[in-house]
Amino acid sequence: MFWRDITLSVWRKKTTGLKTKKRLLPLVLAAALCSSPVWAEEATFTANFKDTDLKSFIETVGANLNKTIIMGPGVQGKVSIRTMTPLNERQYYQLFLNLLEAQGYAVVPMENDVLKVVKSSAAKVEPLPLVGEGSDNYAGDEMVTKVVPVRNVSVRELAPILRQMIDSAGSGNVVNYDPSNVIMLTGRASVVERLTEVIQRVDHAGNRTEEVIPLDNASASEIARVLESLTKNSGENQPATLKSQIVADERTNSVIVSGDPATRDKMRRLIRRLDSEMERSGNSQVFYLKYSKAEDLVDVLKQVSGTLTAAKEEAEGTVGSGREIVSIAASKHSNALIVTAPQDIMQSLQSVIEQLDIRRAQVHVEALIVEVAEGSNINFGVQWASKDAGLMQFANGTQIPIGTLGAAISQAKPQKGSTVISENGATTINPDTNGDLSTLAQLLSGFSGTAVGVVKGDWMALVQAVKNDSSSNVLSTPSITTLDNQEAFFMVGQDVPVLTGSTVGSNNSNPFNTVERKKVGIMLKVTPQINEGNAVQMVIEQEVSKVEGQTSLDVVFGERKLKTTVLANDGELIVLGGLMDDQAGESVAKVPLLGDIPLIGNLFKSTADKKEKRNLMVFIRPTILRDGMAADGVSQRKYNYMRAEQIYRDEQGLSLMPHTAQPVLPAQNQALPPEVRAFLNAGRTR
């Protein structure tokens, strides 16, 4: 310890203070004369001050204790004290703190043997020492901070009481921290220790224990509700630590009671009276369902009741006795369930019904079918024919065979009448007949392009040329809304008759035809399932079909079909699949050798070139509609879009009937957004 240097420090103070502070000389001499010799094991002090300036007193104590003192200019006051017995260093330091406390000041120990003198009210924000349990290093008026854990009492309720016991000078402070249930005390060590002792005496758990009371007939939740209602008013003026607590355990059908022995005994007797066996014949209840269909829940509830009955009989040792009879029936017209069961099983079934009879979320599914196609066909050919020399004809591409064309032209020419005289002199006059144009008309009906015929004597040449360009851009957006886990089907198209068989009678007249109808158009079938969060799993079947044309046998259909299962987030656009098709081909029919001659060879051949390109993509986007507000928002957007289209067409009018009004959807109430209107409508129905 540094106390062996006290005498030297005091004499050094006396030597340096003779010139500037003569009035301190008696005090310094008194302190020096009252101190023990240098070789003493422990220094002792006596104090004799009368109307001494407070700053001088502080400086004297700092010199005696070999401490550096920091104090502001506002420190002022007078000190008068006289000790009758010698004081050791700790007693001397406590005397110093007591005198400062009486003057409204406190000492904050700093590093390097520095003492800081501050106002008592400002000491609580200084870096005070943090003490723990059983610490003896600080006592008296030393400023400290202590954290006290509280185990059985709420610090929120205890803190206001402790604040009333803090000194009035404002040097102390009490802060409670609810998450850890601890109290932080700041102030003089003696006050902090006194508050700690108060906390320890108050912080007792009391004679409270928990008791589990199993039930035989009643429902645990119902019994707990009744007991809570009975004890609610009677325990209003009791502290929280003395109030009884009642909790229902649905899993074991038991009631847990916490409190003192008298309270638990009272609750036990009351529970036994309430847990009496009821008449089983009249234990029936009707449950009116809000969202589910009663017929769909009957099978589920029968399975659940069977499991509950078996478990109860096994627990009671009455397996197979048939004592527990459960009956579940559905009323289709009122959408209600009629359940007859013992009370405990009835409560379990009621809980299951409440969890199943909930409003299921809906999913609005939008599909986007995009098809962009373009094609180009070019056909050029020359055919020759001679009545006597033969012919050169081609049938590739869109060429009309020259032989078939010549025969059709011959049939189309009118025939001039003739006069025939028989051997017996009879005269027969045949009238003029018109030509048959049906063959020629049928032949030309399927032709497009240019056909030029050149006739020279017995020779005829047919030159045909055609170019076809096609382009298409198709966007189909079928959409449908369905419940979660509910299959939905959407179809827009037509029924096309298809000949599947024909039976001819014995006289080969009036054949019997068998016709089936095939649906063509846009079809969407989807079953959504809402998963954890906002993910939607969808089982999708999508088809686009149309009539492509007709052959000599039957109708040709074009189909684009897709079947898959995907997972998408709410509002996310996901591609299901697609096709990118690019085709190019050429067909050449020619006369050998002659068709290979440059330039001239084109007179002896027919060429058909074809190029087609098609891009097909299918997208889908699910939107979860968890409540009426979301459903109304989607419906209003669709409704307003269709109404805007109708208003636009009505403004355009009909060219030949300009004054004819066209149908337009009625206007909706646009004063409020659809979400707000849905919320207000839901409130009116409550």
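Heads up, the Cβ atoms here are built off N, Cα and C, so glycines get one too.
Residues or ranges marked as signal peptide by Swiss-Prot: 1-40. Taken from Swiss-Prot, the feature region 'N0, contacts GspC2' applies to 41-140, supported by experimental evidence. Feature annotation from Swiss-Prot assigns region 'N1' to 142-206; the stated evidence is a curator's inference. Marked as region 'N2' by Swiss-Prot on the basis of a curator's inference: 207-279. Positions annotated as region 'N3' by Swiss-Prot, on the basis of a curator's inference: 282-357. The region 'Secretin' annotation in Swiss-Prot covers 360-627. The annotation region 'Cap gate' is assigned in Swiss-Prot to 414-433. The region 'S domain, contacts AspS2' annotation in Swiss-Prot covers 629-686.
With a threshold of 8 Å between CB atoms, no same-chain residue lying at least 6 positions outside the region 'Cap gate' (414-433) comes near it. Across the region 'N0, contacts GspC2' (41-140), the DSSP tally of helix, strand and coil residues reads 31 helix, 31 strand, 38 coil. The average pLDDT for the region 'N0, contacts GspC2' (41-140) in the predicted structure is 77.
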